[in-house]
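Q: Pasting a structure here, questions to come.
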Amino acid sequence: MQNEMEEMFEDWRGEEAISGKHGGIKAASIACVVEMIENMVFLSYSTNFMMYFMKSMHYPSAKAANMVTNFIGTSFLLTIFGGFVADSFLTRSAAFILFCSIELLGLILLTLQAHYPKLQPHGDKTPSILQATILFTGLYAVATGVGGVKGSLPAHGGDQLGSRNQRLISGFFNCYYFSVCFGGLLAVTVMVWIEENKGWSSSFYITTAILASALFIFSVGFPMYRFKRPTGSPLIRMVNVLVSAARNRNRFVTDAEITPSHNSTDKSIHYNKFKFLNKAKLNNKISSTQIEETRTFLALQPIFASTIIMNCCVAQLATFSVQQGMAMNKKLSPSFEIPVASLNAIPLFCMVSSLALYELFGERILSNNNERSSSFNLKRIRSGLAFSSVSMVVAAIVEIKRKHEAVHNNIKISVFWLEIQYVLLSFSDMLTLGGMLEFFYREAPASMRSIGTALGWCSTAMGFFLSSVLVDVINAVTGWLRKEDINESRLELFYVVLCVLNTLNLFNYIFWAKRY
C-alpha cells in the first residue's frame with residue numbers, strides 16, 4: 001500500500017490541501033452522520049418491503065421474498081460499480097453526490113406510486129405492466145443510488161484522516177459502523193411504526209425529505225474536505241498486468257529481470273504469492289507498483305468469497321423470518337401489536353451499545369495497533385461466521401416449536417421467540433461486515449480503496465442473491481418452501497441446510513485466513 005507521503009490531496013478548488021484546514025476528524029464525522037441518515041432511509045423500506053409487496057402490491061410470499069433479496073442484493077452488488085466510478089473517474093465525494101441524487105429520484109418515483117391509487121393494483125390483482133414498470137424502475141434506481149453511496153462514502157471518510165494514523169482509521173470505521181447500526185435502529189422503530197400506522201405514502205414522503213437533507217449536509221462540508229483525484233481505472237491496470245503475465249508465461253527470465261530491488265517500496269507482504277504476475281514486468285509499460293497492486297487485490301479475494309454464505313443466512317431476516325413473525329403472536333398488550341420488522345430493534349440496540357463500549361474500553365484489551373489492523377479483523381470476521389451457524393440452529397429449533405404449537409395446539413407463540421436468531425444474526429453481521437470494511441480499506445491498494453470497501457457490501461449482495469437461488473433450487477427439488485401457508489412448509493429444514501453450508505464455509509475461511 002502506498003503511504004501517506006505518496007498520496008496527494010486537493011481541496012475543492014483543485015489546489016493542494018492544507019493540513020489542519022482540509023480533512024481531519026470533523027470532515028470524516030460528516031460521512032458518519034450522512035451514512036446514519038442514508039442507512040435509516042434504506043433500511044426503513046428494505047426491512048419491511050416484504051409486507052409492502054404482499055399487502056399493497058399483492059405478490060405471493062415466495063415472489064415477494066425473492067423480490068426483497070434481489071433488491072437488497074442488487075443494492076449491495078452495485079457498490080462495486082460505485083467504487084469503480086469513485087476510484088477511476090470521479091472524486092469519491094463527487095461520486096456520492098451523483099449516486100445519492102439517483103437514489104433520491106428513485107424514492108420520488110416510489111412516493112408518487114404510493115400516493116396515487118391509480119398506480120397501485122386494485123383488489124387482489126397483481127400490478128399491471130405499467131404499475132410493475134413504475135415499481136421496478138423506482139426500486140432499481142434506489143438500488144443503483146444505494147450501491148454508489150455505500151461504495152464511495154466509507155473511503156471518502158477514511159481519506160479525510162489519511163492512512164498513517166491506524167488508531168484514527170480504526171476509530172473511524174467503528175464510528176461508521178455505529179452510524180450504520182444507529183440508522184438501522186431508527187429505521188426499524190420510528191420508520192416502521194410510520195409505515196404500519198400512517199401508511200407507505202407517508203413513509204415515502206418522510207424518507208424522501210430525510211435523504212434530501214443528507215445530500216444537503218454532505219454538500220455543506222465541501223470546503224473542509226480533501227480530495228484524491230483518480231489516476232485512471234485500477235481495474236484496467238489489473239487487466240493489463242494479467243494479460244501481460246499470461247502472454248509472457250512461457251518466456252524464460254532470470255529473477256534479476258523481474259524482481260524489485262531490496263530498497264523498493266513496491267514489494268508487499270504478498271510478494272511470494274502469485275509469482276506468475278512477475279513476468280508482467282517484461283512489458284516496459286507496466287511498473288512494479290501495478291504488479292503489486294494487482295497482487296494485493298487478488299490476495300483479498302479468498303477472504304471476500306468466504307463471507308458470502310454467512311450473508312445468505314442474514315438474508316433470512318428480511319424474508320422468511322418476517323413470514324414467521326406474521327404467523328406468531330405480536331401483541332405486547334391488548335391494544336399494541338409490535339411490527340415484525342421492529343424485532344431488529346433489540347439486536348440493533350445491543351450492537352450500538354457494544355460498539356460504543358468497544359470504542360471506550362477496547363484499547364485496554366488491544367494495545368497492539370498491528371493486531372487491530374490485520375489479524376484482529378480476521379479473527380473478528382471468523383467470530384461472525386461462527387455466530388451465523390449457531391443462529392441457523394436456533395432458527396430451526398424455534399420454527400419446529402412454532403409449527404408444533406400452531407398445528408397441534410392451535411396456539412400462536414410469542415414473536416419474541418424470534419429474537420434469539422435476530423440477535424445472533426445481527427451480531428454476526430456486525431462482526432463480519434464491520435471487520436471487512438476496515439480490513440479491506442487497510443489492505444487494498446491506495447488507488448482501490450473505494451472498490452476495497454465495496455467488497456464488504458458486495459459480499460452481502462452475493463449472499464442475498466445466493467439466498468434467492470437456494471430458495472428456487474430447494475423448491476424445485478423438494479418443494480419445502482412452495483406452500484403459501486407457512487405451517488405446511490418445511491422452513492426448519494431450509495435453516496438446517498443453511499447451517500451445514502455455513503459451517504463448511506467457516507472451515508474454508510479459516511484455511512484462507514491462516515494463509516493471508
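A Cβ is built for glycine as well, from the same backbone N, Cα and C atoms used for every other residue.
In case it helps, TrEMBL gives these features for our protein:
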TRANSMEM  27-47  transmembrane segment
TRANSMEM  67-86  transmembrane segment
TRANSMEM  93-116  transmembrane segment
TRANSMEM  128-147  transmembrane segment
TRANSMEM  168-192  transmembrane segment
TRANSMEM  204-225  transmembrane segment
TRANSMEM  297-318  transmembrane segment
TRANSMEM  338-361  transmembrane segment
TRANSMEM  381-400  transmembrane segment
TRANSMEM  420-441  transmembrane segment
TRANSMEM  453-481  transmembrane segment
TRANSMEM  493-512  transmembrane segment
Q: Would you call the transmembrane segment (493-512) and the transmembrane segment (381-400) in contact, using three or more Cβ pairs under 8 Å, pairs 6 or more apart in sequence?
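A: When sequence-distant Cβ pairs are counted, the transmembrane segment (381-400) touches the transmembrane segment (493-512), since at least 3 lie under 8 Å.
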Q: Is the transmembrane segment (453-481) in contact with the transmembrane segment (93-116), using at least 3 Cβ pairs under 8 Å (sequence separation of 6 or more) as the test?
A: no
Q: Taking 297-318, 338-361, 381-400, 453-481 as candidates, which has the most Cβ pairs under 8 Å with the transmembrane segment (67-86)?
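A: Between the stretches 297-318, 338-361, 381-400, 453-481, 453-481 has the largest tally.
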Q: Which listed stretch (204-225, 297-318, 453-481) has the most C-beta pairs under 8 A with the transmembrane segment (381-400)?
A: 297-318
Q: Please work out which recorded stretch in 297-318, 420-441, 453-481 has the most C-beta pairs separated by under 8 angstroms from the transmembrane segment (168-192)?
A: 420-441
Q: Short question: most Cβ pairs under 8 Å with the transmembrane segment (453-481), which of 204-225, 297-318, 338-361, 420-441?
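A: Between the candidates 204-225, 297-318, 338-361, 420-441, the best contact partner of the transmembrane segment (453-481) is 297-318.
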Q: So are the transmembrane segment (420-441) and the transmembrane segment (297-318) touching or not, going by 3+ C-beta pairs under 8 A with a sequence gap of 6 or more?
A: yes
